[in-house]
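Feature annotations, courtesy of Swiss-Prot:
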type     : residues  : note
COMPBIAS : 616-626   : compositional bias 'Acidic residues'
COMPBIAS : 635-652   : compositional bias 'Polar residues'
COMPBIAS : 807-816   : compositional bias 'Polar residues'
CARBOHYD : Asn185    : N-linked glycosylation site
CARBOHYD : Asn227    : N-linked glycosylation site
CARBOHYD : Asn521    : N-linked glycosylation site
CARBOHYD : Asn745    : N-linked glycosylation site
CARBOHYD : Asn1025   : N-linked glycosylation site
MOD_RES  : Ser646    : phosphoserine
MOD_RES  : Ser663    : phosphoserine
MOD_RES  : Thr819    : phosphothreonine
MOD_RES  : Ser923    : phosphoserine
REGION   : 611-659   : region 'Disordered'
REGION   : 792-816   : region 'Disordered'
REGION   : 1208-1227 : region 'Disordered'
MOTIF    : 1274-1281 : motif 'Nuclear localization signal'
TRANSMEM : 18-38     : transmembrane segment
TRANSMEM : 48-68     : transmembrane segment
TRANSMEM : 96-116    : transmembrane segment
TRANSMEM : 128-148   : transmembrane segment
TRANSMEM : 155-175   : transmembrane segment
TRANSMEM : 199-219   : transmembrane segment
TRANSMEM : 235-255   : transmembrane segment
TRANSMEM : 260-280   : transmembrane segment
TRANSMEM : 335-355   : transmembrane segment
TRANSMEM : 356-376   : transmembrane segment
TRANSMEM : 393-413   : transmembrane segment
TRANSMEM : 439-459   : transmembrane segment
Amino acid sequence: MDTEFANANHPLHFLHRLLPAVGPGLLIAIGYVDPGKWAATVEGGARFGFDLVLPMLLFNFVAILCQYLSARIGVITRKDLAQICNDEYDKWTCMFLGVQAALSVIALDLTMILGIAHGLNLLFGMDLSTCVSLAAAEAILFPFFATLMERCKASFLCTCIAGFILLLYFFGVLISQPGIPLSINGTRTKLSEESVFALMSLLGASIMPHNFFLHSAIVLQHQGPPNISRDALCLNHFFAILCIFSGIYLVNFVLMNSAANVFHSTGLVLLTFPDAMSLMEQVFRSPVAPFGFSLILFFANQITAFSWNLGGQVVLHNFLRLDIPNWLQRATFRIIAVVPALYCVWTSGVEGIYQLLILTQVMVALLLPSSVIPLFHIASSRQVMGVYKISPFLEFVALISFMGMLGIKIIFVVEMVFGDSDWVGTLRWSTVSGSSTSYIVLLITACSSFCLMLWLAATPLKSATRLDAQVCNWDVQNAVSEPSTLIEEEFLTENICTGEELIERQEQLPEPGKSFESYSNITVANADPDLPETIMESDQELHLTTIKEKHSEVAFSSPQTFYEETSPTTESASLSASVNLVPDAELLVAKKAKIESMDPVEKTLDIEGELHTEKEDDEGDNWEPEDSSKGVPGSTLSLTSDGPGSFRSLSGKSDAGGNGAGSLSRLAGLGRAARRQLAAVLDEFWGQLYDFHGQITQEAKTKKLDALGVDLKLASSQLKVDTAGKESSGYFSLVGGRASDSLINSSLCDSPKQLRVQSNIDSSYGVQRGPSSLWSNHMQLLDAYVQGPSQSIADSSERRYSGVRTPPSSDGWDNQPATVHGYQIASIANRIAKDRGFSSLNGQMESPAPISPSLGPRNYRDPLTVSMGKNLQNGLSSSQASGFQNLAVTRNSPLQSERPYHDVYSGSADDTGMSANTKKYHSLPDISGLAGPYRDLYMSEKNAQWDKSAGFGSSVGRSAYEQSYYSNTGSGAGGPLSFNGLSKGHGDAFSLHMTPDPGSLWSKQPFEQFGVADKIRAVGSGLGNRSNSINREVTSPVDSEAQLLRSFRHCIVKLLKLEGSDWLFRQNDGADEDLIDCVAARERYLYEAETREMNHVDHMGGSTYLYSDRKSGSALRNDDASITNIMVSSVPHCGEGCVWRSDLIISFGVWCIHRILDLSLMESRPELWGKYTYVLNRLQGIIELAFSKPRTPMSPCFCLQIPASHQHRSSPPASNGMLPPASKPGRGKCTTAATLLDLIKDVEIAISCRKGRSGTAAGDVAFPKGKENLASVLKRYKRRLSNKLIGSK
């Protein structure tokens, strides 16, 4: 029966044995859930790849060794390490050890504060100064929660919470690991002077000095069952520590591997705290990652505080002789930690915070050599540990570990003083300028710690010194022929009197008779000191607990019995001075009588027993952590930035990147290449309107593009009527007309009158695409913004940095023929063969394969046929072949001026003079509804040349559908098509009719008889054909506004395609920014819907134009640029309250200014400063329009509706079923001049702190010049905004 009962309780018994070992390990390991350690790990991986993986593993083994030795000391001696050091070292040595432990605790507290501040910043959007203050203020909650629970309950609860957090932390990383391959194929470790700084930071992140003292103290609070031997208990502690620290290393390895793959492989450098945090947030690929991090850090901070409450007071009492309440102790440490945090936030910004985290770990590493000496000395001391001293092998491992730490420290100090590494230069220039004390602090810390280490290494333990003196006296006493009893009594009396102070310092162990028992350990002269360590502790402890009541039994035992019943502790060494000279067991009678008659000994034991009980009561203080995840409503967010913006993660509102993080890895989620592209896209857009002085360009005035100041009150039928199928290549040669757009914008091109209005405008370059006047109108609108060849930044930067953030692209699709009409095939055949890899075309091209029936439904689903039919068919007779047009380009056309950039098209027409030797197409099938979409689909793919012009008209010579129809001619299966010359009879228009025979290849298909294709064709047929004359008519304000809005849509789509663009549209600023966020959310939805539709068609095998190098990926990747064309063909309009009017461009200007200033807060690359300066220079023209007079915020209209099923993916999220939410309460006003002035001040402070390395081109030229240029434009902004601010008052 007893056996069955024991078996039933076996799991409970196992847990009862395991918890005393696992509990202390969990409470210690929770301190490694620390942003400082993440930053050090990510920094090592980002700078040196996988070179530091092996050193980090070795550091983890050393940490396991140190924590095991600390726990072993507590288990064996039943005293914590601080108490033993107090016994073994003098007062001043203990004081310095206490200062080192306090510095380590303060460093941990500092990193925890910064981590919690970062979490608050992500969750609530507050600036970092406020977040740091709030994170520090939570210390006042500790006394309140500490009084709510009893000591044992608080300890158990905190242990459980610590285990739960660590499990979430470990398994969360492993389960949610991003798609970054783990590189475990043994890379060689390459160490150099450049990596010493990173090695020191990893060492400090792996081992914390105060944990040595804390672990041994917590072990005393988690005593194991009395029937377990101490060897078994030590083994339990070892396995618990091994498992926990293995999990910590696994997490660090995943972080380092991710950093090496994301940052080191792409050459990016981390410079800010959000950079490191962004990678950690990427590892947890969940939308609730910021909230989870904040919660984990909050609980980790409270449990760390509880752990220090369990053992920290003993440390301070034994080292610093301080007896202060726990709450005051915690508040003092918190205040000391907050001072450098706030100083760094105010002076150095986000980049300074990141450097502070790394420097904190380095400073902790500098303290390690002097901190491990007491640990290793005591663990290997026979006088303290007795037979439980560590084995010679462990002593050797400890010595090697110490030498390794000391060697790294020496190399670090020597390099810091005499070296010229990059990290040394970074520390030195701040010292020369007097703006930072980090170099001096590290140097002082290293020197003082080195001196203390030498002192500790040269100072033996007091117990060892006393034992040596006793051995000397033993030899002298053996030469004296006196009665042994008299010698013993005199010696014992003298030593007890003179050693009273020593006895009073001993702590009473749980067993009252332990001090007496310790005498017997040394009394036995013939005892073997190398007795095997297999004595069962259960028997020893049984005798020890009854020793006070059975003195006679113990006193008259044999010497061997005394030794077996002894627990070798510190008392055995400290009291041995009074009993070591007794050679005979007979003297034990006198010794026992004298000890029992001594009041000081008994008094000391009794008092210490009471103190032990009181200490247990005092150390029970704990407080239950409060959930810090309570949301703050968006209405409490301020529009202004409080404090230096450079110290905030992009105004404290970055989402992953971070906030995350240029030169930085991902500055607020935008990589370096993405930021370059962002600046290029914005410069490209605003370059159509403003020059670099913020003035309207002459060309914009000529073409009436300065429509932002015009109050247009035109009917909706005249506002957004342009449904051109082609935007200029500067914005990805657009094709419009999506089914979703068609359904929403019912007023688009729904009457012949609207078409006639637009049909009166010809192309400004005199290029007529076929007989369609509407086409001419649109090309005139698109060409109006041509700026010249200088706008090649966007796509060239994409190609150049494609390996960093964007998929690689080629220009194989860039220079394909726009159409076969109006061009000589021979002049472009070689170019096509080069790009497409054809061996030869020989003047002939294969026609596409017969159209798949699956293309029909695709055409039918787009009822408006905005770009698929209308752009091709307007102005054509219903009997004309609308799939192709004739382009008659005259020799005097202004298009010739664009030949350097469009020579493939204009050159062919100009050089050949449209020779009559070439043959012209005379008839073509009416497949406009089929060929158009798929010609458009791939038109912009790899559009490196045409996507970089500033305006809309740089690719005048090619139409939206002409480009891609023959882009994959090599894959066609049809018969050859001959193109010989431009027929005079058909130079301006198609005159051939289609064969009406339904069985003919050219007959109208059934699905072409529906929709609006015929309607548009009929309307177009009445417009007639137009000549190639150059029409320089000035466009109306309506047309100008339509052009700008289409360009704006195109710009938004390009921004959405940037890697990490989510941050751009989730900043929750003013009403203008919220409106742009809603527009971006709508455009994203449309884009993704079209992507899914295209993917569905491809999956069904309906596309004959699939190109071989198409890659799968994100819906907003650059390799899906072709789908962009289908989205931006028109401008929505839902009525009088529609947001799609010129005011939207003003809001976009405010948004651009805000985003550029936000990026400038954290940017540290002079190259990008220059790009931001270009954009800000142009955006000066918006200031007058946006801030000269109060503006009424526009609310999102029905054009911005998003289905409820998609709202969780949109940004910002919608609050109702259809419409995005209006501006949030409290933030419903437009961004004011005061808001931007505060932000500009923050940028100026941030930029002033950025410096390059002296003696380099970057430090001596790029940084000063970049700062000068950016500061200049910021001053102009301040002057203009200040004037507007005064005027508004």
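Cβ coordinates come from backbone N, Cα and C, glycine included.
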#### Entry: Mean of the pLDDT scores, which run from 0 to 100, over the motif 'Nuclear localization signal' (1274-1281)
82
### Message
Need a quick answer: max count of Cβ pairs under 8 Å to the transmembrane segment (235-255), which of 18-38, 199-219, 335-355 is it?
### Response
18-38
### Query
Including all protein chains shown, what's the count of other C-beta atoms within 10 A of the C-beta of Asn227 (N-linked glycosylation site)?
12
### Task
Give residue numbers and ranges for long-range contacts of the transmembrane segment (439-459): same chain, 6 or more residues beyond its ends, CB-CB under 8 A.
89, 93, 96-97, 100, 359, 362-363, 366-367, 369-370, 373-374, 377, 406, 409, 412-413, 416-417, 427-428, 430-431
### Query
What three-state secondary structure does DSSP assign to Asn227 (N-linked glycosylation site)?
coil
#### Entry: Among 48-68, 96-116, 199-219, 393-413, stretch most in contact with the transmembrane segment (356-376) (C-beta, under 8 angstroms)
199-219
### Query
Given pairs 6 or more apart, does the transmembrane segment (393-413) have at least three Cβ pairs under 8 Å with the transmembrane segment (48-68)?
yes
### Query
For the motif 'Nuclear localization signal' (1274-1281), what does DSSP give as the number of helix, strand and coil residues?
8 helix, 0 strand, 0 coil
### Tertiary contacts of the transmembrane segment (48-68), as residues 6+ beyond its ends and Cβ separation under 8 Å
25, 28, 41, 183, 187-191, 194-195, 198-199, 202-203, 206-207, 211-212, 215, 234, 237-238, 241-242, 245-246, 248-249, 252-253, 256-257, 260, 264-265, 372, 375, 394, 397-398, 401, 404-405
## Note on the structure
Beyond a gap of at least 6 residues from its ends, the CB atoms lying under 8 Å from the transmembrane segment (96-116) belong to 31, 34-37, 82, 85, 89, 131-132, 135-136, 138, 208-211, 213, 273, 293-294, 297-298, 300-301, 304, 308, 312, 315-316, 318-320, 333-334, 336-338, 340-341, 353, 356-357, 360-361, 363-364, 367, 370-371, 374, 449, 452, 628
